[in-house]
Amino acid sequence: MKIAVLLSGGVDSSYSAYSLKEQGHELVGIYLKLHASEKKHDLYIKNAQKACEFLGIPLEVLDFQKDFKSAVYDEFINAYEEGQTPNPCALCNPLMKFGLALDHALKLGCEKIATGHYARVKEIDKVSYIQEALDKTKDQSYFLYALEHEVIAKLVFPLGDLLKKDIKPLALNAMPFLGTLETYKESQEICFVEKSYIDTLKKHVEVEKEGVVKNLQGEVIGTHKGYMQYTIGKRKGFSVKGALEPHFVVGIDAKKNELIVGKKEDLATHSLKAKNKSLTKDFKDGEYFIKARYRSVPTKAFVSLKDGMIEVEFKEPFYGVAKGQALVVYKDDILLGGGVIV
């Protein structure tokens, strides 16, 4: 089978390509220029070329920087301006990697596209679904929730049945040169955030604009350093007059540059709504597992789909729901779809 492999210049994607080559597939390597300095791109492309030379496969470099900026980067900035907590990776995957890059791969005659994501694909009743990775500590299925079933059918995740701790030893044994490659230490899960998301925002918007802190009764009880520096659940970086116990951000009013704070129990909710992006029309209302944050434990809840909105009801209090985050619905370890929390 002819498969396109997205190569980042790192160990995971290189070993993904190696494992597919060992299975006898015809491969085409693809490096995506999305968002980085030219210096970084040059290094990553050089690393990807070394992997391709070792494997005896061609490498193509696709420049999607303009598309990425308008569809992902600018949306990230806009979401924070609106007081939301966005998920750029969940936006990038369907639009860039499994959108534009997949389209290009198909034009090259490839049947599928592979990446180093920690996830799996499982076919159920002739329909392809994303399945959680074997290594639950590294599972990235959450970020793939917006993919359509027709797209999922064209995906390959060679690392999905492996443990992260085993990848590097396996890769260095198979491709010894990987241990000598130069690289940049990535400090964040978001590729375009070098230090902190605040530093990224500062390049485009006024972040340090002091505002007031209010309690749930609407009374002014303190000040903050600028609403974009806070997310739901944060408990530091603002003042509360006469506070004898911790206070948490429970709401953000972007238009007024105000924070609403309360006690930990005020973070609790028994329901939430999300704008549906990928649950299909045949979705049956019932009890499922949901995630409302990437590194959260799946929580049982009653989920229903009504007029394009996903409605979730919890039996137990659920904490820290932030607008703009992805709500992802699972049946056991099978991802059914999800949406954006409103």
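The backbone N, Cα and C atoms fix where each Cβ goes, and this holds for glycine too.
Features of the protein shown, as given by Swiss-Prot:
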{"type": "ACT_SITE", "residues": "C92", "note": "active site, nucleophile"}
{"type": "ACT_SITE", "residues": "C191", "note": "active site, cysteine persulfide intermediate"}
{"type": "BINDING", "residues": "L6, L7, S8, G9, G10, V11, D12, S13, L32, G116", "note": "ATP binding site"}
{"type": "DISULFID", "residues": "C92-C191", "note": "disulfide bond"}
{"type": "SITE", "residues": "H117", "note": "site 'Interaction with tRNA'"}
{"type": "SITE", "residues": "Q325", "note": "site 'Interaction with tRNA'"}
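Feature map: Swiss-Prot annotations on the structure.
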residue : record                                        : Cβ neighbours (10 Å)
L6      : ATP binding site                              : 24
S8      : ATP binding site                              : 20
G10     : ATP binding site                              : 18
D12     : ATP binding site                              : 20
L32     : ATP binding site                              : 23
C92     : active site, nucleophile                      : 26
H117    : site 'Interaction with tRNA'                  : 27
C191    : active site, cysteine persulfide intermediate : 18
Q325    : site 'Interaction with tRNA'                  : 26
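Each residue contributes its Cα atom, and for S8 (ATP binding site) and C191 (active site, cysteine persulfide intermediate) those atoms are 11 Å apart. Note: the Cα of L32 (ATP binding site) and the Cα of the residue listed as 'active site, nucleophile' are spaced 12 Å from each other. Taking the C-alpha positions, the distance from D12 (ATP binding site) to H117 (site 'Interaction with tRNA') comes to 8 Å. A Cα-Cα distance of 26 Å separates L6 (ATP binding site) from Q325 (site 'Interaction with tRNA'). According to its DSSP assignment, L6 (ATP binding site) is in a strand.
The closest partner of Q325 (site 'Interaction with tRNA') among the recorded positions, by CA position, is C92; the full candidate set was G10, C92, C191. Here the CA atom of H117 (site 'Interaction with tRNA') lies 12 Å from the CA atom of G10 (ATP binding site).
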